[in-house]
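Peer 1: Handing you a structure now.
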Amino acid sequence: MKTNLFLCLLLAVLQSAFLANADSMKQKRGGGDTSTIDLFAGLKLQQAQYMTDKSNSPGFTTENGAPSSGYFNIQRAGQDGPLLIQSTQMLDSLAHFVRERIPERIVHARGWGAWGKFEVTTDFAEKYSFAPAFKKGAVHPILMRFSTVGGQSGSPDAARDPRGFAIKIKTKQGVLDWVFNNTPVFFIRNPLKFPVFIHTQKTNPQTNERDPNMVFDYLWQNPEASMQFMRLFSDLGTPYGARHMNGWSGHTYRLVKQDGSWVYVKVQLFTDQGIKNFTAAEATQIGGENQEWATKDLFDSIEAKQYPSWTVKFAVKTPEEGKKYRYNVNDLTKDWLDATWYEVGKMTLNQNPRNYFDEIESSHFSPSNMVPGWAPSEDPVLQSRLFSYNDAGRYRIGSNYNKLPVNCPFNTVGNYDRSGVMPVTGDYGNQPIYPSSAGTYKPASKDETVAPLIKLYNNATIETYVGEATDIDYEQPRYFYQHLSANDKKNLHSNFAGAMSKVTQPNVVSNVIKMFNKIDPNLAKGVTAAIAAAKKG
Ligand code: HEM
Ligand SMILES: *[C@@H]1O[C@H](CO)[C@@H](O)[C@H](O)[C@H]1NC(C)=O
Ligand SMILES: *[C@@H]1O[C@H](CO)[C@@H](O)[C@H](O)[C@H]1NC(C)=O
């Protein structure tokens, strides 16, 4: 696995070399002279050899590679004179410096991650999906990135927040991204609520402080969020780093068989290190002492060869079971409380990034990165995410985000998308930019790319989807609450009170308490008492 990145780079180089020789695919060029392309490909190979030659110690140079006699050389008009504009070493360095940042992710900006492998250890997934990637014995390189959701890239790792649990699986049929969280459910089931919900978790537009008024005013008006709020304000909302938490797909997806039949699937990654949370007091202390605590915890454990791992399990429902289930299987605010989880494989992290920016900040994940045999459900939130992530990639990194070594697939990409900002892999050389009759990429067979057969039950009229809360939305939070130990309940009450005692907007606390009363009267009483205690100090 140590060679992951190098392989990706080499792939780019070999691809150019391959292109130079792929006569059958050549576009007709004016004079028929291909020597410049051959020379260019040769140069890239030379460069790759040069970069990996350990005996070659690089000298200090300017940005164009010319030798420079000093780190801080500037040219001046005389000893005390003004600087000359021909001080290009300084101009380039200062210009590069102010461009060191790319836009941070609008959510999940604070992250940490590592490389590893996904081993498929059972034949469970094979029974439901024709994906070669899920065949027993398959091993895939992976990248995992963990994150908090609301904070900026410099915010404390230990914040009370869900944790992102993003996994890039580099299979031989393309990249499969599992863009999961450490929670089985989410705050919303209508994707149009995502931007406003996220606003309430970020800072107040005037004070630039996080604002419990917005947080709790959102909660009582959107009770379908209550299950996720219960988890968030329990000690599960402050996990002990990345190694001691589970990951969940949240959404249902589809596993597809060769004949187009399918089942709904949810994925859960069970930590082999055991669940550990911080109490609110511990999280506050750790967050204050070391902002990058979870980053350090993951990095240090991998350096010490204590490789964290997760057991990957699937739970499935047939379409008929899905229809009969008490909760809508495409409602992201609902868990499958009756699920049986079947082991599929193991994920192990065993290599730290060599460069954070190149391998973690520049990584890009998307639920729309899917492989044959794996398909989305009709969950509206998932459907909207199929658009939003690649849109974010194009904005944050540029149109060629998928060609960066960290993001590119191992297999060769063949299509007609070309050029754009930073075409880092040679822009496919002289291969045709349209389906040329003289030779082009060979499409896969229908057998290799079977899509799920989905029956549409409704007439093709335009439906307005709102997804307003009803009584059924209180059942799972009630179940969660009633299964907590007395001590966990106490912590939940006081964690809520810690934030709610700072609410100043009229009627917000009383409306939240009214809603808590529908979940369980003891929750309403417990939080009310804890708020009174917090206010007394
Ligand atoms: C309508 C709902 C949602 C929208 C529009 C949305 C949108 C986004 C966007 C724009 C990003 C930043 C991507 C980037 O800059 O590379 C992001 C990151 C992320 N989202 Fe979502 N999201 C939604 C719901 C969810 C849900 C339900 C989950 C988990 C089940 C999730 C998990 C993540 C994770 C883990 C990341 C960080 C990925 C990384 O490490 O780069 N999101 N989301
Ligand atoms: C983590 O928090 C949850 C919710 O309060 C609790 O049920 C669980 O016992 C906690 N686990 C540990 C190991 O502290
Ligand atoms: C579809 O439209 C027909 C004709 O208006 C109606 O009889 C039928 O009930 C509709 N089906 C559904 C599932 O709404």
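Glycine is no exception: its Cβ is also placed from the backbone N, Cα and C atoms.
Under the heading signal peptide, TrEMBL lists 1-22. What TrEMBL lists as domain 'Catalase core' is 61-442. Annotated active site per TrEMBL: His108, Asn181, in sequence order. The annotation heme binding site is assigned in TrEMBL to Tyr389.
Explain the structural surroundings of these features, please.
Peer 2: Its own atom aside, the Cβ of His108 (active site) has 24 Cβ atoms within 10 angstroms in the protein chains shown.
Secondary structure from DSSP puts Asn181 (active site) in a beta strand.
Of all Cβ atoms in the shown protein chains, 18 besides its own fall within 10 Å of the Cβ of Tyr389 (heme binding site).
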Peer 1: Determine, from DSSP, whether Tyr389 (heme binding site) sits in helix, strand or coil.
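Peer 2: The residue in question, Tyr389 (heme binding site), is helix (DSSP, three-state).
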Peer 1: Taking just the CA atoms, what is the gap between Asn181 (active site) and His108 (active site) in Å?
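Peer 2: Rounded to the nearest whole number, the Cα-Cα distance is 11 Å.
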Peer 1: Measuring Cα to Cα, tell me the gap between His108 (active site) and Tyr389 (heme binding site) in whole angstrom.
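Peer 2: Tyr389 (heme binding site) has its Cα 12 Å from the Cα of His108 (active site).
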